[in-house]
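Taken from TrEMBL as is:
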TRANSMEM  39-60  transmembrane segment
TRANSMEM  72-105  transmembrane segment
TRANSMEM  117-142  transmembrane segment
TRANSMEM  162-182  transmembrane segment
TRANSMEM  189-209  transmembrane segment
TRANSMEM  235-252  transmembrane segment
TRANSMEM  273-295  transmembrane segment
TRANSMEM  332-361  transmembrane segment
TRANSMEM  382-402  transmembrane segment
TRANSMEM  408-432  transmembrane segment
TRANSMEM  452-473  transmembrane segment
TRANSMEM  479-500  transmembrane segment
Amino acid sequence: MDYREVHVGVNPRAMEIDSGEKRLNELGYKQELRREMSLFKTFAITFSTMAFFIGTPLYGPSLLYAGPASLIWGYVAVTFFTWFVGFAMAEICSSFPTTGSLYFWAAHLAGPRWGPFASWCCAWLETMGVIAGIGTQAYSGAQTLQMIILLSTGTNKGGGYFAPRSVFLFMYIGLIIIWAVLNSFALQVIAFLNVIGGLVVIIGLPLVASTTQSASYVFTHFETSPEATGIHSKPYAVILSVLLSQYCLYGYDTAAHLTEETKGADRTGPMAILSSIGVISTFGWAYILALTFSIQDLAYLYDPNNETGGAFVPAQIIYDAFYRRYHSGTGAIIFLCIIWGTFFFCGLSVITSAGRVVYALSRDGGIPFSPIWRKIHPKHKVPINAVWLCAVSSIIIGLPILKLNVVFTAIVSISTIGWVGAYAIPIFARLVMDEKNFRPGPFYLGRASGPVCLISFLYIFYTCSIFLLPTLYPLRWDTFNYAPVAVGVALALNTALVGLGCKEMVQGTSQEY
């Protein structure tokens, strides 16, 4: 019988398997999540996770530490080193397109001897980071909403309503609950909203800020404020002024967490990682420049008697610019609504990523009660229980809002140390492994891989170290950076869980190399 007669009417393309799904099967996993995202959708969610307004709450403190020049050029330096990390991550993502991403990469790259330990540590660092990342977006969204309400009701000078700590916490919790609900049912909508929000911000940003400061002030002026920060060391002040940039430029691993839902993930994953870094670093720097050029009176920005109560420097900059030009704060309210929208979309994306991290970790038995957290919604094909676990955990870490003044800095530190620290483990494993044991994907650095991974690892180590430092002096209970305590507790919990027998993951993820 003629072979062609047997297959008459069959479309050969229908028999083809997606390249990302094929590689997933080779790694020992079956396709469970719905694989329907294009490069555009994956980029949209990754883009929103790294939204360039993300560092807005840190702008005021960063400017105060060492002035505009340190802030502006620090962002450029951080962007330079972020590209090394991005290239290293993209190469590994191309080889291992799985939702577990970082900890799965660590398990396979570190080899049979060290793989289980590396995977376990990476998984818990990343889980801590993404859950705290939800908190940072909720805090940012709540603070921006606080300013919108204040300016809409008459400003701080005109008797406007300034939400107290209890109401602020209510807004924080409300945002997280809304994000969890949307992530439970509407991932397609999330991707669409992310793109729309990004376009509005990109178009609106250059139209709002007025340029009143000179270029020499923005690019060369250096000024410390020891009377406000308690920091007299200039090098220390410069280091802290760059925290904003280091916080803004991470989160690009979100593309890796979505690879089991992305078509051709071994190619689209790396492309989404690198394109997100390029777009966010460019527009993020432009946003910081716009704010800095628009400063009317630096000292007035921090005055507790100004229109925003000295609580949110970017809001005061925007208000001053609009009020001077139009004698009205309406434009500032609109601009803050745009910023709030990016925080909202960013929070949606971060909780999307966090849910996938916890789902993958529970799928490998790495969390107590893993069978509960790895359940997939039968209709929507999303890890609904994992999403709600992340939501509740992020609400808990925000409870100190009621008492402490440095909650945001602490949550940012926890998120950065956990999230970026988790990048270091697979990158270091890739650096030291025998090249013949690495199976490259379509995106491969070749001989450049070693130098790229070395620079990336050293930069990540530096970044995590400075986020453990105190940010205000003198040290008191209300100014204490509790990030070292939180990280220490998480690591202790990590060790305890190993002892309690959560070993399925560390045994299972390193069985195939």
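Numbers run from 1 along the shown chain.
Using the three backbone atoms N, Cα and C, a Cβ is placed for every residue, glycine included.
Just going by CB pairs under 8 A, the stretch in 72-105, 117-142, 235-252, 382-402, 452-473 that sits most against the transmembrane segment (332-361) is 117-142. The stretch in closest packing with the transmembrane segment (162-182), judged by the count of Cβ pairs under 8 Å and taken from 117-142, 235-252, 273-295, 382-402, 452-473, is 382-402. Between the transmembrane segment (452-473) and the stretches 235-252, 382-402, 408-432, Cβ pairs under 8 Å are most numerous for 408-432. Among the stretches 72-105, 273-295, 382-402, 408-432, the one making the largest number of Cβ pairs under 8 Å with the transmembrane segment (117-142) is 408-432. The listed stretches are 235-252, 273-295, 408-432; of these, 408-432 has the most Cβ pairs under 8 Å to the transmembrane segment (382-402). Sequence-distant contacts of the transmembrane segment (408-432) (same chain, six or more residues past either end, CB-CB distance under 8 Å): 57-58, 61, 85, 88-89, 91-92, 102-103, 105-106, 109-111, 114, 118, 121-123, 125-130, 132-133, 135-136, 139-140, 143, 243, 246-247, 250-251, 253, 397-398, 400, 438, 449-450, 453-454, 456-457, 460-461, 463-464, 467-468, 471, 481-483, 486-487, 490.
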